[in-house]
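J.: Below is one structure. I have some questions about it.
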Amino acid sequence: MDFESFTLLAATDDLGVEPAARADADGLELRLDFADEPLAQLDAYDGELPILVTNRPTWEGGEAADTAGRLSALETALEHESVTAVDLELAALEGAGDHDAGRVADAARDRGASVVVSTHNFESTPDRGAIVDRLERACGHGDVGKMASTAQSPDDVLAMLGATRELTATGEQVATMCMGSAGRHSRAVAPLYGSRIGYAPVDPADATAPGQYDLATLRTLVGQLRSDT
Ligand SMILES: O=C1C[C@@](O)(C(=O)O)C[C@@H](O)[C@@H]1O
């Protein structure tokens, strides 16, 4: 996955959803921190869709303890030919936590895999300038800078869309979204402003973040909006 164009990922903890995702997804996001036996799942995977692997630590809203094993699991996952991208937290790459996330980024590059550098805010959305700053830092560490904030108002979504447009216009690859009910529509609209990655569960009951549409719905919404432009 090079994210040169909008890429819709089926976000999941179960690679068994792959056949059901093929019609609408360009790839899968496997959330190792949510999954049962994720590395065994990868060993058994014979699906068609490429995989981005994520192992979100508890200090960034995930369920993975911040141990050396968290990053080692990502390195092991990268040995699978179906794994063509890895998500690493900006905070980890800038020194948070106790372990060397840069080692995983190097392993990804050695294998020709993409590095998505992510940052999240589960409470609010910063102003446009702060979003631009944080995404620029993220882009400096990888192939795509990703920010998922929580919108409390339409103004928050406007800030995220404006930052998305501004950075895309300068040639940066970003993926942006606003979580929560107030931000939900950003998931369909941000791709029109340059966001490169969308995340959606096959089954809405299996959402990996607040405000996600199900996969088929998001594919339809993005497709309709993009055909209108
Ligand atoms: O970082 C992201 C974005 C996300 O949080 C979302 O809001 O869709 C979903 C996560 O699974 C993914 O790792």
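Using the three backbone atoms N, Cα and C, a Cβ is placed for every residue, glycine included.
Predicted automatically and left uncurated, TrEMBL annotations should be read as such.
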J.: From the candidates Arg103, Arg109, Arg165, Arg187, give the one listed by TrEMBL for the same 3-dehydroquinate site as Glu29, Leu30, Arg31, Arg56, Thr208, Gln212.
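T.: The one candidate that TrEMBL places in that 3-dehydroquinate site: Arg187.
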J.: Across the listed 3-dehydroquinate-binding residues, Glu29, Leu30, Arg31, Arg56, Arg187, Thr208, Gln212, what is the farthest Cα to Cα distance, given in whole Å?
T.: 20
J.: Using a 10 Å cut-off on CB atoms, tell me which of the binding-site residues Thr208, Gln212 is the least crowded.
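T.: Checked Thr208, Gln212; of these binding-site residues, fewest Cβ neighbours within 10 Å: Thr208.
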J.: Can you give me the Cα-Cα distance between Leu30 (3-dehydroquinate binding site) and His120 (active site, proton donor/acceptor) in Å, rounded to a whole number?
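T.: Distance (Cα to Cα, whole Å): 18 Å.
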J.: Among all the protein chains here, how many other CB atoms are within 10 A of the CB of Lys146 (active site, schiff-base intermediate with substrate)?
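T.: Here the count is 26.
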J.: What is the number of other Cβ atoms found within 10 Å of the Cβ of Leu30 (3-dehydroquinate binding site)?
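T.: Excluding its own Cβ, Leu30 (3-dehydroquinate binding site) sees 30 Cβ atoms within 10 Å.
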J.: Which binding-site residues out of Leu30, Arg187, Thr208 lie by ligand 1, going by a Cβ under 6 Å?
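T.: List returned for ligand 1: Thr208.
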